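Undergrad: Got a structure for you, written out below as structure tokens; questions coming shortly.
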Amino acid sequence: MASSSSLSLSQALLRPTPLPSSHQPSLRVSPSLRPSPSTAPLSLRRRAAHVRASVPVKTVEKATSDVTLVEKSVNTIRFLAIDAVEKANSGHPGLPMGCAPMGHVLYDEVMKYNPRNPKWFNRDRFVLSAGHGCMLQYALLHLAGFDSVKWAQADLGKLVCKGSFSFPFCNRVVLVFQSELEEDLREFRQWGSRTPGHPENFETPGVEVTTGPLGQGIANAVGLALAEKHLAARFNKPDNEIVDHYTYVILGDGCQMEGIANEACSLAGHWGLGKLIAFYDDNHISIDGNTEIAFTESVDSRFEGLGWHVIWVKNGNNGYEDIRAAIEEAKSVKDKPTLIKVTTTIGYGSPNKANSYSVHGSALGAKEVDATRKNLGWPYEPFHVPEDVKKHWSRHTPEGAALEAEWNIKFAEYERKYKEEAAELKSIINGELPAGWEKALPTYTPESPADATRNLSQQNLNALAKVLPGLLGGSADLASSNMTLLKMFGDFQKDTPGERNVRFGVREHGMGAICNGIALHSPGLIPYCATFFVFTDYMRGAIRLSALSEAGVIYVMTHDSIGLGEDGPTHQPIEHLASFRAMPNILMLRPADGNETAGAYKVAVLNRKRPSILALSRQKLPNLPGSSIEGVEKGGYTISDNSTGNKPDVILIGTGSELEIAAKAAEDLRKEGKSVRVVSLVSWELFDEQSEAYKESVLPVAVSARVSIEAGSTFGWEKIVGAKGKAIGIDRFGASAPAGKIYKEFGITKEAVIAAAKELI
């Protein structure tokens with residue numbers, strides 16, 4: 001799918017123009033329309049009674065008392081999914097058919113959002129962790145009135161102007177256009193469609209995070225809920241709760257089986273994320289068949305052990321009152337996240353395929369679609385939305401506008417009373433970095449003491465924490481090794497959520513996905529997370545989704561080579577640099593000293609739609625003459641050169657700890673009368689983005705005598721050194737010994753560089 005990420009940061013604060021009073025929605029609900037707990041299952045009533053005895057409960061407001069209309073609305077969702085999958089002859093109809101009731105209750109009765117501004121800050125967030133069932137979400141977005149328009153690449157010939165909207169914090173007015181989303185539904189899973197095969201936040205406004213790889217979504221949701229709790233603790237006042245929204249999730253059996261889900265949910269329970277409500281689609285079917293073949297644990301008991309409140313809705317197919325009562329109960333529990341296990345029938349309504357694996361990931365087929373239409377009494381043509389359903393859902397546009405307008409008034413009052421806090425919160429909402437923030441980065445000279453870049457990283461993190469209000473993060477139980485503690489802040493915990501050091505424990509995969517959620521909550525939140533570089537293997541799925549989702553997470557990865565020494569090959573990364581250089585939309589940075597570490601952080605902070613990995617040393621490194629922050633921003637640059645006319649005899653290229661080796665080799669070669677250029681190639685990606693003229697000034701095509709040195713795989717270096725050059729590296733696993741001994745035995749030495757250079761000159 002082509003990326004469309006042109007929404008400006010200020011659109012996070014997009015405010016509709018005031019609506020005429022005649023269009024203001026009524027939020028009053030007759031008591032007769034409220035759900036009665038007596039209709040819920042006995043187990044649920046017992047749970048609810050226990051909670052209500054001690055906690056006041058606000059009843060979920062029912063949108064309509066017409067049960068027939070609710071059923072029609074739910075079946076509309078089901079058949080939009082069925083028809084889209086059928087037309088594409090590809091997709092997963094089973095989940096939308098089973099989860100349509102809970103989806104309807106959430107989007108039509110519970111969640112607060114503004115369809116005309118999907119980025120409104122105080123909206124409730126929804127995550128479809130079981131992303132294969134994405135037609136559920138697309139159908140809900142369609143009914144709710146979301147535009148789903150690519151702002152920069154829209155085909156104006158297919159758009160209808162829907163009105164003008166103003167920005168509350170700047171004098172700008174934009175026209176908002178609406179495409180016929182029904183056409184988008186018809187183009188499900190097709191080239192260029194806004195309805196791709198799994199939810200993609202960069203393609204479809206209204207989709208919060210990119211899901212598909214199972215378990216990632218629930219972990220993202222933990223990050224979203226963490227962000228809400230953190231910002232609420234920092235900015236809410238007794239007279240103005242300016243941050244107040246929920247995170248809702250639907251996850252399935254597959255998500256429950258994935259280890260990342262347990263990692264993230266363990267942390268959610270530990271942190272007491274009371275505004276996280278997860279719906280577990282308990283349909284007992286996976287791709288291979290009934291879950292009895294591989295998944296028989298008690299999910300309820302596990303989540304209770306993780307510190308979650310657990311509710312069971314036994315009839316998820318049409319138990320609307322039970323679903324409403326469960327949400328009501330979940331909202332009454334403030335100190336724990338809630339798992340609502342909703343037992344559903346996958347493919348509900350299909351006479352011959354419901355409750356079977358065959359409805360999970362394949363179109364029903366024409367005959368079964370007809371049979372399902374007859375079974376559910378659905379006489380309409382494909383993709384049809386009945387007028388009464390359309391009219392019922394149409395109220396969400398004015399209601400959403402009113403909700404946001406009300407919040408904007410609330411924010412204006414907040415800003416009047418709390419100017420400093422409002423300015424800080426606004427910068428987090430719209431992603432504006434404070435003026436001159438980069439001046440806080442430390443600088444170094446060759447006289448500065450040698451130090452490990454992991455220690456220099458901590459100096460930079462602590463300097464940035466003073467000027468970047470959205471910076472927060474932590475390590476996977478290695479803070480004292482990764483050097484990631486922010487010394488001026490305490491720990492983010494259940495009772496201290498306003499602090500900015502996050503303790504992830506030994507949960508690398510969950511850590512990465514949680515940070516994705518934090519980054520995608522608000523543009524000005526800048527999460528970082530850390531572990532040993534080799535343990536990116538445990539979190540690669542989350543890192544890949546950082547890149548795909550345009551989530552600017554900063555990955556602080558220490559112990560970046562055989563230089564870590566005695567811990568041996570299990571802990572020594574070899575292929576990792578090459579593997580991340582092969583990953584699209586991610587910056588792989590390997591700084592050599594203090595200035596380059598500062599430059600790496602500057603680049604990482606500026607790249608809010610591209611994650612960065614900083615590979616940092618355990619061993620001490622000198623601060624090299626010629627290194628600079630500005631050089632890092634170009635990815636590759638010359639740190640020393642005694643040649644003239646851009647014609648050195650040889651170019652020596654290094655990264656990280658091996659740049660020092662290249663510099664020492666150059667000194668010896670120059671003593672022998674050679675003209676030698678030393679190049680730091682700290683980021684291949686940034687260097688590739690420079691102009692051809694600049695790249696020629698650093699690596700002239702005419703100079704084929706090139707030697708690279710890096711304590712990692714030589715894979716990919718042929719692109720840099722060329723067919724006639726030499727790449728010095730390690731193409732086998734490491735060994736356990738002191739670092740100096742390992743470098744010598746593997747030939748990562750000054751002598752090896754000199755010998756290679758002489759062969760080429």
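Note that Cβ sites are derived from N, Cα and C of the backbone, with glycine treated the same way.
Annotations for this protein, taken from TrEMBL, read as follows:
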- Glu508: active site, proton donor (ACT_SITE)
- His92, His360, Arg454, Ser481, His559, Asp567, His571, Arg618: substrate binding site (BINDING)
- His132, Gly212, Pro213, Leu214, Gly254, Asn283, His360, Phe535: thiamine diphosphate binding site (BINDING)
- Asp253, Asn283, Ile285: Mg(2+) binding site (BINDING)
- 1-14: compositional bias 'Low complexity' (COMPBIAS)
- 25-37: compositional bias 'Low complexity' (COMPBIAS)
- 451-623: domain 'Transketolase-like pyrimidine-binding' (DOMAIN)
- 1-44: region 'Disordered' (REGION)
- His92: site 'Important for catalytic activity' (SITE)
- His360: site 'Important for catalytic activity' (SITE)
Undergrad: Among all protein chains shown, how many Cβ atoms are found within 10 Å of the Cβ of His132 (thiamine diphosphate binding site), not counting that one?
TA: 23
Undergrad: Could you state the whole-number distance in Å separating the C-alpha atoms of Phe535 (thiamine diphosphate binding site) and Glu508 (active site, proton donor)?
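TA: Between the Cα atoms of Phe535 (thiamine diphosphate binding site) and Glu508 (active site, proton donor), the distance comes to 7 Å.
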Undergrad: Sequence gap of 6 or more, C-beta under 8 Å: which same-chain residues meet both conditions with respect to Gly254 (thiamine diphosphate binding site)?
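TA: Expected: Ala130, Leu214, Gly215, Ser286.
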Undergrad: If the substrate binders are His92, His360, Arg454, Ser481, His559, Asp567, His571, Arg618 per the record, what's the largest distance between their Cα atoms, in Å?
TA: 48
Undergrad: Over all pairs within His132, Gly212, Pro213, Leu214, Gly254, Asn283, His360, Phe535, the annotated thiamine diphosphate binders, what is the largest Cα to Cα distance, rounded to whole Å?
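TA: About 34 Å separates the two most distant Cα atoms.
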Undergrad: Have a look at the recorded positions His132, Pro213, Asp253, Ile285, Glu508 and say which one has the shortest Cα distance to Arg454 (substrate binding site).
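TA: Closest recorded candidate to Arg454 (substrate binding site) by Cα: Glu508.
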Undergrad: Around the recorded Mg(2+) site, report the further residues of that chain (criterion: Cβ within 8 Å of the mean position of the Cβ atoms of Asp253, Asn283, Ile285; site residues excluded), sequence-ordered.
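TA: My list of surrounding residues reads Gly252, Asp281, Asp282, His284, Ser286, Thr291, Ile346, His360.
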Undergrad: Most Cβ neighbours within 10 Å: which of the binding-site residues Leu214, Ile285 is it?
TA: Ile285
Undergrad: Same-chain residues six or more away whose CB lies under 8 A from the CB of His571 (substrate binding site)?
TA: Phe532, Val534, His559, Leu564
Undergrad: Can you tell which of the binding-site residues (His92, His559, Arg618) has the fewest other C-beta atoms within 10 angstroms of its C-beta?
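TA: Taking His92, His559, Arg618 as the binding-site residues, the minimal 10 Å Cβ count falls on Arg618.
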Undergrad: If you draw a 10 Å sphere around the Cβ of His360 (substrate binding site), how many other Cβ atoms fall inside it, taking every protein chain shown into account?
TA: 23
Undergrad: Around the Cβ of Phe535 (thiamine diphosphate binding site), how many other Cβ atoms lie within 10 Å? Please give the count over every shown protein chain.
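TA: Around the Cβ of Phe535 (thiamine diphosphate binding site), 20 other Cβ atoms lie within 10 Å.
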Undergrad: Could you state the CA-to-CA distance between His92 (substrate binding site) and His132 (thiamine diphosphate binding site) to the nearest Å?
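TA: Their Cα atoms are separated by 6 Å.
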Undergrad: If you count other Cβ atoms within 10 Å of each one's Cβ, which of the binding-site residues Asn283, Ser481 has the most?
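TA: Max Cβ neighbours within 10 Å, all protein chains included: Asn283.
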Undergrad: Say we define neighbours as other CB atoms within 10 Å of the CB. Which of the recorded positions Gly212, Pro213, Asp253, Glu508, Asp567 has the fewest?
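TA: If we count Cβ atoms within 10 Å for the recorded positions Gly212, Pro213, Asp253, Glu508, Asp567, the smallest count is at Asp567.
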Undergrad: Restricting the comparison to the binding-site residues His132, Gly212, Asp253, Ile285, which residue's C-alpha is spatially nearest the C-alpha of Asp567 (substrate binding site)?
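TA: Spatially nearest to Asp567 (substrate binding site) by Cα position is Gly212.
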Undergrad: Report, in whole Å, the straight Cα-to-Cα distance of Glu508 (active site, proton donor) from Arg618 (substrate binding site).
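TA: That comes out at 19 Å between the alpha carbons.
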Undergrad: Please report the Cα separation of Pro213 (thiamine diphosphate binding site) and Ser481 (substrate binding site) in Å, rounded to an integer.
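TA: Pair distance, Cα basis, whole Å: 31 Å.
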